Amino acid sequence: MEPYVVDNLNRDDCVMIVWSGEVQDDVMCDLKAAVSTHVKKLHFENLENFTNSSTISSQFHGCSSVILCGWPNPININTLERGLLSNLSSCLQPGGRLICRESTMEDWNSFRKNLTLSGYVNPYQLPGGNHLIFIAFVPSNYTRGSSIKLPWAHSDIEAAWENVDNETSYDVDKNLINTNSLLQKSDYVTPLAACGQEFAKNSIGKRKRACKNCTCGLAEIEATEVEDKSVVSISSCGNCYLGDAFRCSTCPYRGLPPFKPGDRILIPDDVLKADL
């Protein structure tokens, strides 16, 4: 194995070597001796297990931090299709890496596109003479749904409340408003309506009485109200109190609701006028 490939291995790595073709036993022993001294755990799998069945990828799901593919024999370029690359990525831990050696030199840009579509990130090429040797990574945990606090996202809520406390602590009485001083004595006095005007229905005030020398017409209104109070409704036929169903055609109370004898009845002026 190339020395610069071994330099990319760490003591804590769990390495899976995916081999292909016919390999002699002594070659596999030499490869095992060259790699096992630099890593924590090492095991071998045949490439045909990943191409013919997907159960092998589920069996070794996330068990390796590094996959070496193409040793001792370089892998055929036509074998590294997108499906095989996806199966190998499922066997890698988050942040794991795939180190692969191909038998021929292919266009690196087109092959890097296949790596990206298969779920790998940050692929780059290593010097390999007549072979294409590259390293590709699978996304880390933080890119798979976990959250991280942004370094520039600072919360100023506590600082804002601290500033408010500092501004109000030196003189509390000066910054607070006395609610008893909002209303004056004049605000509690019941207002009087202007001469000739009435309060609203929901008002508790009393209407002002007419002046001695009233010129606004309030005196005439009060005199009319006194005359109206003295008028008592009288029915000559005795049916006027019962309603329109019992009244005569010439009854002056037609159109008014039923009433009791002695009630004060005001007939509007427009009732006595002709319609035409």
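Cβ atoms here come from the backbone N, Cα and C positions, even for glycine.
Reduced to three states, the DSSP call for CYS216 ([2Fe-2S] cluster binding site) is coil. Feature annotation from Swiss-Prot assigns [2Fe-2S] cluster binding site to CYS195, CYS211, CYS214, CYS216; the stated evidence is sequence analysis.
As annotated by Swiss-Prot, [4Fe-4S] cluster binding site applies to CYS237, CYS240, CYS248, CYS251, with the evidence given as sequence analysis.
Under the heading region 'N-terminal SAM-like domain', Swiss-Prot lists 1-152, citing sequence analysis as support.
Positions annotated as region 'Linker' by Swiss-Prot: 152-189.
Sequence annotations record features per position, and here Swiss-Prot assigns region 'Fe-S binding site A' to 195-216 based on sequence analysis.
Residues or ranges marked as region 'Fe-S binding site B' in Swiss-Prot (evidence: sequence analysis): 237-251. For the region 'Fe-S binding site B' (237-251), the DSSP counts in helix, strand and coil order read 3 helix, 0 strand, 12 coil.
What Swiss-Prot lists as motif 'Cx2C motif 1' is 237-240, and the listing cites sequence analysis. On the 0 to 100 pLDDT scale, the motif 'Cx2C motif 1' (237-240) averages 80 in this prediction.
The motif 'Cx2C motif 2' annotation in Swiss-Prot covers 248-251. Through the fold, the motif 'Cx2C motif 2' (248-251) approaches residues 237, 239-240 of its own chain, all at least 6 residues removed from its boundaries and within a Cβ separation under 8 Å.
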> In the structure shown, with every protein chain counted, which of the binding-site residues CYS237, CYS240, CYS251 has the densest set of Cβ atoms within 10 angstroms of its Cβ?
Replying inline: CYS240
>> I'd like to confirm something. Which of the binding-site residues, CYS237, CYS240, CYS248, has a Cα closest to the Cα of CYS211 ([2Fe-2S] cluster binding site)?
In response: CYS240
